[in-house]
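Listed in Swiss-Prot:
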{"type": "COMPBIAS", "residues": "36-49", "note": "compositional bias 'Low complexity'"}
{"type": "DOMAIN", "residues": "36-299", "note": "domain 'Phosducin'"}
{"type": "MOD_RES", "residues": "THR2", "note": "N-acetylthreonine"}
{"type": "MOD_RES", "residues": "SER20", "note": "phosphoserine"}
{"type": "MOD_RES", "residues": "SER25", "note": "phosphoserine"}
{"type": "MOD_RES", "residues": "SER226", "note": "phosphoserine"}
{"type": "MOD_RES", "residues": "SER293", "note": "phosphoserine"}
{"type": "MOD_RES", "residues": "SER296", "note": "phosphoserine"}
{"type": "REGION", "residues": "18-57", "note": "region 'Disordered'"}
Amino acid sequence: MTTLDDKLLGEKLQYYYSSSEDEDSDHEDKDRGRCAPASSSVPAEAELAGEGISVNTGPKGVINDWRRFKQLETEQREEQCREMERLIKKLSMTCRSHLDEEEEQQKQKDLQEKISGKMTLKEFAIMNEDQDDEEFLQQYRKQRMEEMRQQLHKGPQFKQVFEISSGEGFLDMIDKEQKSIVIMVHIYEDGIPGTEAMNGCMICLAAEYPAVKFCKVKSSVIGASSQFTRNALPALLIYKGGELIGNFVRVTDQLGDDFFAVDLEAFLQEFGLLPEKEVLVLTSVRNSATCHSEDSDLEID
């Protein structure tokens, strides 16, 4: 049992606070206050650290890490796109250069095919009016000249003046020759002005135009009248395919009594009665004056 003293002492002890207890409580409050700012500063430091090198493993640190990752990923994607664009541009330039080369080769191939197709020089100029390739033009001209030379060589080559000795021979000369051959017949009689000049010109032109058949016949052989002999000689008749395509009487009225092969050539070309010459093989007929001077002393029957 408790005594009255114990109760009194106990109550005193229960409700009694000593000064030492107050001091202890003050110390505890100070310690508590001193520790509180330290604990509150920790999250701030952690947050700042999270914004720097992401050492914080909290929610904010994870978010910052994710944002940084997405930023790096975007930059890498943009760099890849730029690299791809550079590669595409490089490839396109390479492809364009190759296409240009193929296009140029195709143009040259087409040009060669057109040349092989034997088209005329006018058609060639029209099809290639935007191209100024002198090398191919020269090649085309050379090929055309070669073709003309071969065409002339396909037919007979005469290169001389044939003397017709009878009326029947005169008719056979006209009717039995190939239809593509041009025949020039000089009707003459000795002593008539211009006869020797015409005979000399015929010899020179026969050498210049081997595909043309040059002939001569006396008017008396073919039974011409004396009036024709006096008024029409020297006469030049041109036949092709059995048809008379040119008839020139008293040629001296146009050329004079003394003329040269170049004069007769120009006269016939004016009427389109001479074919194209072999430019690559034959010399110009304008040098025929020498030929005429050499043959002027020859006696032609």
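Glycine is no exception: its Cβ is also placed from the backbone N, Cα and C atoms.
A quick note: this is a predicted structure, and the numbers were derived from the prediction, not measured.
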Seminar exercise, completed: One finds that other Cβ atoms within 10 Å of the Cβ of SER226 (phosphoserine) number exactly 9
For this session: Please report the DSSP secondary structure of SER226 (phosphoserine), reduced to three states.
Result: helix
Problem set entry | Confidence summary (mean pLDDT) of the domain 'Phosducin' (36-299) | 76
